[in-house]
Amino acid sequence: MNKLFSQGLLPFIRLIRWPNLIIIIITQYLLRYAIIGRIYDAEGLAPAMSNYLFAILVFTTVLIAAAGYVINDYFDLRTDAVNHPDSQVLGRSIRQRRAIIYHIALNVVALVAGVFLAWKAGSLKLAFIFLMIIILLWLYSVRYKKTVLWGNLAVAFMSAMVVLIVWLFEFYMLRQQPDQFIAIYGNMKMISRYFFVYAIFAFLISLMREIIKDMEDVKGDQLTGCNTLAVVHGIKSAKIIALVTGLFTGMLVVTAVLKLHSAGMILPAVYFAAVVFIPLLFICYRIIPATDKSDFHLISNLLKLLMLAGVLGLQPLAMSL
């Protein structure tokens, strides 16, 4: 049993980046219960999307993300051998052929679940969102990752979709219940605003982190012909773009803090100022003198924690709604 875990299950869990998948699960459930659930509850309503269907939505999102990590490592085998030799799983603990099987299986199950969800939501067109993301993840691994900014933007877009897809499916489920749709209609603008702000936050933090990761991996990318921002325009230019992205993120957070404060929502205002904005300033400060791989690796991890801190801010936000 221990051998099966250490040689089979454990490498697979590492391959699919389980900490990132946990963050996706936490994000989507907090969005549902802290924003949708809280606002609906104030109107004496429950979410139109049942707990069972929502669990399938989260499951589908996680499967697609896991498949994306697998195919990314498959096409990144040579680069990872230079950039991350100690943590490389594919080609060592897991064969390349098996990785392709994992990739196909995860995506097939996700697509079947996605079609089912789209059917339950009354619009099969929604299934194309899952297909689009699967194709985008493939293109990212094959092509976009090796280009200036396009790969970074693709990852940032998919991070935003993790947020938006929660409200999108709830909205379509809600349309099938006219009485409930009318009852919640007055709050739709507020719900959409919260989701839109969080989607922008996810986009900007992910974009910033991807640029930092390019700087961290610049050596391997140069050797394998990846024309990333850091490779083509240099570390200095990549730092400037990362800092500008950080500036826009800071402006978003400050605007949110001021809006929350003016609305009398003191707890979330203090939280986002202390736990998101101040650490963001510290991260930007650390980017300026960063020079080697370890510096950029630390900043990348700090940005991941900042993303999680932003997500956890949904709880104090919910307490003030």
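Note that the numbers count up from 1, one per residue, in the order the chain is shown.
Backbone N, Cα and C atoms are what each Cβ position is placed from, and that goes for glycine too.
According to TrEMBL, the feature transmembrane segment maps to 21-40 (among others).
What TrEMBL lists as transmembrane segment is 52-71 (among others).
With a cut-off of 8 Å between Cβ atoms, the residues of this chain six or more beyond the transmembrane segment (100-119) that come close are 12, 15, 53, 56-57, 59-60, 63-64, 66-67, 70-71, 74, 94, 125-127, 129-131, 134, 169. Under the heading transmembrane segment, TrEMBL lists 100-119 (among others).
What TrEMBL lists as transmembrane segment is 125-142 (among others).
Taken from TrEMBL, the feature transmembrane segment applies to 149-174 (among others).
Annotated transmembrane segment per TrEMBL: 194-212 (among others), in sequence order. Counting only same-chain residues 6+ beyond the ends of the transmembrane segment (194-212), those with a CB under 8 A from a CB of the stretch are 27, 31, 35, 151-153, 155-164, 166-167, 229-230, 238, 241-242, 245-246, 248-249, 252-253, 256, 287, 296, 299-300, 303-304, 306-307, 310, 314, 317.
Taken from TrEMBL, the feature transmembrane segment covers 240-258 (among others).
If you look up TrEMBL, you'll see 264-284 (among others) marked as transmembrane segment. Long-range contacts of the transmembrane segment (264-284) within its own chain (CB-CB distance under 8 A, at least 6 residues past either end) are made by residues 243, 246-247, 249-250, 253-254, 256-258, 299, 302-303, 305-306, 309-310, 312-313, 316-317, 319-321.
Look at TrEMBL and you will find 296-318 (among others) tagged as transmembrane segment. Distant neighbours of the transmembrane segment (296-318): 23, 26-27, 30-31, 33-35, 37-38, 194, 198, 201-202, 205-206, 208-209, 212-213, 215-216, 260, 265, 267-268, 271-272, 275-276, 279-280, 282-283, 286-287, 290; these residues of the same chain sit at least 6 beyond its ends, with a Cβ under 8 Å from one of its Cβ atoms.
Same-chain neighbours of the transmembrane segment (52-71): 15-17, 20-21, 24-25, 28-29, 32, 99, 102-103, 106-107, 109-110, 113-114, 116-117, 120, 130, 133-134, 137-138, 140-141, 158, 162, 165-166, 169, 173, counting only residues six or more beyond its ends whose CB sits under 8 Å from a CB of the stretch.
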